[in-house]
Amino acid sequence: MPSAFQLQCHFVLIFLAASKGETRYLEVRDVSEDEPFLLLSEDLKRELSAGQIYRRSLRCIDMLSIAGQFTFTADQPQLHCATFFIGEPEELITIDYDFVNIDCRGGDFLKVFDGWILKGEKFPSSLDHPLPTSRRYVDFCESGDIQRSIRSSQNVAMIFFRIHEPGNGFTITVKKNTNLFPCNVISQTPSGRFTMVIPHQHRNCSFSIIYPVVIKISDLILGHLNGLFLKKPSAGCAGVGDFVELLGGTGLDPSKMFPLADLCHSFHGSAQMKIGCDNTVLRMVSSGKYINRVTFEYHQLDLQEAENRKENSIEEFCFPSI
């Protein structure tokens with residue numbers, strides 16, 4: 001049985017399951033429909049590759065992985081709407097207000113959130129984001145023309161909106177910008193390979209995979225130490241300023257997830273772990289004194305792999321949930 005978290009993220013999970021090359025051509029229908037995704041036509045793909053801007057209407061609950069211009073027009077009072085934006089790991093998202101016609105005094109609102117929120121849980125967590133939570137919201141009704149362009153701090157962002165009067169709405173343009181040192185990332189796919197680099201920055205970076213996965217760390221460079229040292233969660237990396245931890249859980253917020261293992265020392269080789277949780281996070285904590293780097297690959301954990309556990313040198317977790 002799927003967990004509540006997986007049901008809440010149904011459209012996210014299917015979206016992330018698409019192959020990396022296809023996701024940039026996927027869009028979401030209303031979540032109540034049986035087929036939540038529509039593969040764009042070959043003609044539209046050719047238009048996009050030729051530099052044409054993509055345009056379409058937004059739904060009350062929607063998800064976008066492609067740049068373009070998007071318009072929402074209420075056909076009835078819409079009181080609980082949200083659009084989730086996601087890019088490639090090395091992309092930031094910019095949202096520009098082109099046109100806004102809402103009644104702020106009548107209770108309407110249009111807010112951008114720097115990250116994602118599901119069931120009150122945030123990604124990135126408050127511990128990992130450079131801004132306090134209050135500054136991660138940009139409310140059009142408060143900022144108006146002062147701030148008509150908002151850029152995310154990572155590859156995900158979202159908007160919340162409420163519109164009472166039919167015919168009112170807004171138009172936004174979504175752009176993608178290159179992020180030279182991606183930090184907090186939600187993976188678009190259940191499999192992939194990624195290198196995270198934190199160059200002399202005092203920050204924490206999380207890579208989130210909303211699937212049960214097999215994750216293999218093939219290279220870890222922490223500026224302060226050499227050699228492999230893996231500690232159980234009970235011991236942890238207490239007193240070490242730079243380390244990598246693996247987390248698992250059923251929600252979105254890494255700070256509320258269970259610590260599975262810590263890697264405190266550099267190594268070249270392979271450390272593999274099977275994690276049967278709804279969400280798996282690799283999190284790097286950096287003091288800012290060194291250039292820290294970790295390379296890892298991951299793929300979705302299937303039932304056969306879950307049953308064959310003797311291969312691993314690290315304990316497995318969360319298997320009752322799959």
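Each residue, glycine too, has its Cβ placed from N, Cα and C.
Just so you know, TrEMBL annotations never went through curation; they're auto-generated.
Annotated features, as they stand in TrEMBL:
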- 1-21: signal peptide (SIGNAL)
- 52-177: domain 'Corticotropin-releasing factor binding protein N-terminal' (DOMAIN)
- CYS60-CYS81: disulfide bond (DISULFID)
- CYS104-CYS141: disulfide bond (DISULFID)
- CYS183-CYS205: disulfide bond (DISULFID)
- 185-306: domain 'Corticotropin-releasing factor binding protein C-terminal' (DOMAIN)
- CYS237-CYS264: disulfide bond (DISULFID)
- CYS277-CYS318: disulfide bond (DISULFID)
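Counted within 10 Å of its Cβ, the other Cβ atoms near CYS60 (disulfide bond) come to 18, all protein chains included.
Shown are the disulfide-bonded residues CYS104, CYS205, CYS237; the one with the most C-beta atoms within 10 angstroms of its own C-beta is CYS205. In the predicted model, residues of the domain 'Corticotropin-releasing factor binding protein C-terminal' (185-306) average a pLDDT of 86. The two recorded residues, CYS183 (disulfide bond) and CYS264 (disulfide bond), have Cα atoms 19 Å apart. Cα to Cα, CYS277 (disulfide bond) and CYS264 (disulfide bond) are separated by 23 Å. Within the same chain, residues at least 6 positions away in sequence whose Cβ sits under 8 Å from that of CYS318 (disulfide bond) are PRO212, GLY248, GLY249, ILE275, GLY276, CYS277, ASP278. For CYS277 (disulfide bond), the Cβ neighbour count at a 10 Å cut-off comes to 27, with all displayed protein chains included. By the criterion of other Cβ atoms within 10 Å of the residue's own Cβ, the least surrounded of the disulfide-bonded residues CYS81, CYS141, CYS183, CYS264 is CYS141. Rounded to the nearest whole angstrom, the C-alpha distance between CYS264 (disulfide bond) and CYS205 (disulfide bond) is 15.
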